[in-house]
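All remarks here apply to the structure that follows.
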């Protein structure tokens, strides 16, 4: 008994530690690790970066180890997300807000990596894109409350996000009936009869306008107005955290849209022009349209649309509300012509007599009582903006591969504009389908010149080597680089390599301070579970991609194997087997439900635990268990820390009752039974008629009637009581009460 208690305490302690594999963070995040770097040191670096005294201080460096690899972040203040006119409005105050806590950067020496986030009170929050996928970092107290922890932040990989509603009947966007009502309403907009000089010019000389467009800078940036309600502020706590969340969402969709070719229209980007933060103090403000706690998703979008948003490309409201049917967002769908709504739409009068701006949308970060991971919220934002850009939901086999019966296509998942929310871990989840690209390109061709602005060009002097630059060491008072011309030099010379210089340290870690490429033997990146250490190649300043370790090398604490440099294969593949799910059946030990199980290829009947006698020659009797939080029993439950499969009822009792009552199969079965047993139905009908006749006959004596020939109705209580024989009423004999009682008793 004592040993059992000690074991339980040890398991509970292990479950609470960060950095241990198999820690589920919530029902959507299956595994996380804790981070406990020095927050005071990072805060001091952040303060130095704000002042930017030297070239080195411009960059914020953060180093830590997690998920079996080293992160060496090199970041710089991100000003690309906010326009020159950016303002923050809160509680009737307009502020010229300092966004110096927003950073963007990369992993030093890892080509193609990218990071974005914020530094608040010495803690970094954001996402890091690597060759092995995207990692997310958030404050620990956002998930783990009322506990003393040895770490202050949590980090998890996108593959560990398990969003159960991604292919379910609920979750994500509104259903078809809602969009149909919205579409009909959009058709009722009354167009303004006045014509702007630009439109007159377009009508009088389209060829001239087309020529001017080709010679001038392209308008490809959509400016945003973002509002947050008091519930969103209540969840994140501070103004800095709210702006960090907005920045993270905008950067996420900016990355998706910039890398998409919309039929020749490229580099579509986003920039925040204005933010309105409704704090908890605004909850009682009568001028705050979002103050009420119980607002449906359609009404919430309508409240946003009732404001005038003519100065913006799009206007969104972020909230923390649990809308019905798992809706995460809603937006008006744009069209090239014939309908109002979408990007650049101006305020106009509609059939209900109200003026509205239909260049709007809403986003919530809560779903079915839990807060969704940032990855899901980012994809939702990209999805709703896709509606504004003119794309309806994907349909048809070409654009919904996740519904395909072909396993190869199904494995790639659905695209961004799929009707239901996705977890973002599939190949297609961050891409637009061909259907969406065709629709969006038509709307962009018609509308983007009405409100889009020119995008910011690469800036020489920001310390980051961008397109068109050979190097970038900053301005003259910051540049300590002997290899690169600083930003104060004339055009054609600044941000270029000096004569006879091979490289610049600003290009990457494989360049020396003497402007020479490092030799082929120098290390530029530490090794990981599945990749060898990075070695300079002697011909470039960037750290080349690391050579992968041999396929089927054990990784992830011997639970997986390396495939082409990524820890992505099952341990079963090492022995020519396939991973399978141990499902419960007669005679099967329920403990095996949380074991890693393998089977021979294309032979499901051979599925057995790694600890079984069948696979003893491969695993030597060693049982490999699934990680806590992993699905088990054919996805009908999840494994807890005690390696027990806990069954999950995803629908709930009310949903099951509704399905049982209104199921078409139920009525089909009843109809078949009636046809087969018609004589039983006839007997039941006769019995029911006789029962009703008897009931009427019995109750008729208690029913009042206006017929004077019928006896008066009998009272029902008197009928139900036990009757006694009638007695002659005599005056009470006070002197002999006991005798009267005895006589009555005898009569009975």
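Cβ coordinates are placed from backbone N, Cα and C, and glycine is handled just like the others.
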Site from 278, 439 that Swiss-Prot describes as N-linked glycosylation site, others unannotated there: 439
Residue in 173, 607, 632 which Swiss-Prot records at the Zn(2+) site where 383, 387, 393 also bind: 173
Transmembrane segment according to Swiss-Prot, located in which of 652-672, 673-693, 694-714: 673-693
Cα within 10 Å of residue 451 (disulfide bond) - qualifying disulfide-bonded residues among 222, 313, 536, 645: 222, 313
Between residue 473 (disulfide bond) and residue 313 (disulfide bond): CA-CA distance (Å): 35
Residue 479 (disulfide bond), number of other Cβ atoms within 10 Å: 23
Residue 524 (disulfide bond) and residue 594 (disulfide bond), Cα-Cα, nearest whole angstrom: 40
Residue 598 (disulfide bond) versus disulfide-bonded residues 344, 473, 479, 511 - nearest by Cα: 511
Distance [Cα-Cα, Å, rounded] between residue 484 (disulfide bond) and residue 222 (disulfide bond): 34
Subset of disulfide-bonded residues (222, 344, 503) lying within 10 A of residue 471 (disulfide bond), CA to CA, in sequence order: 503
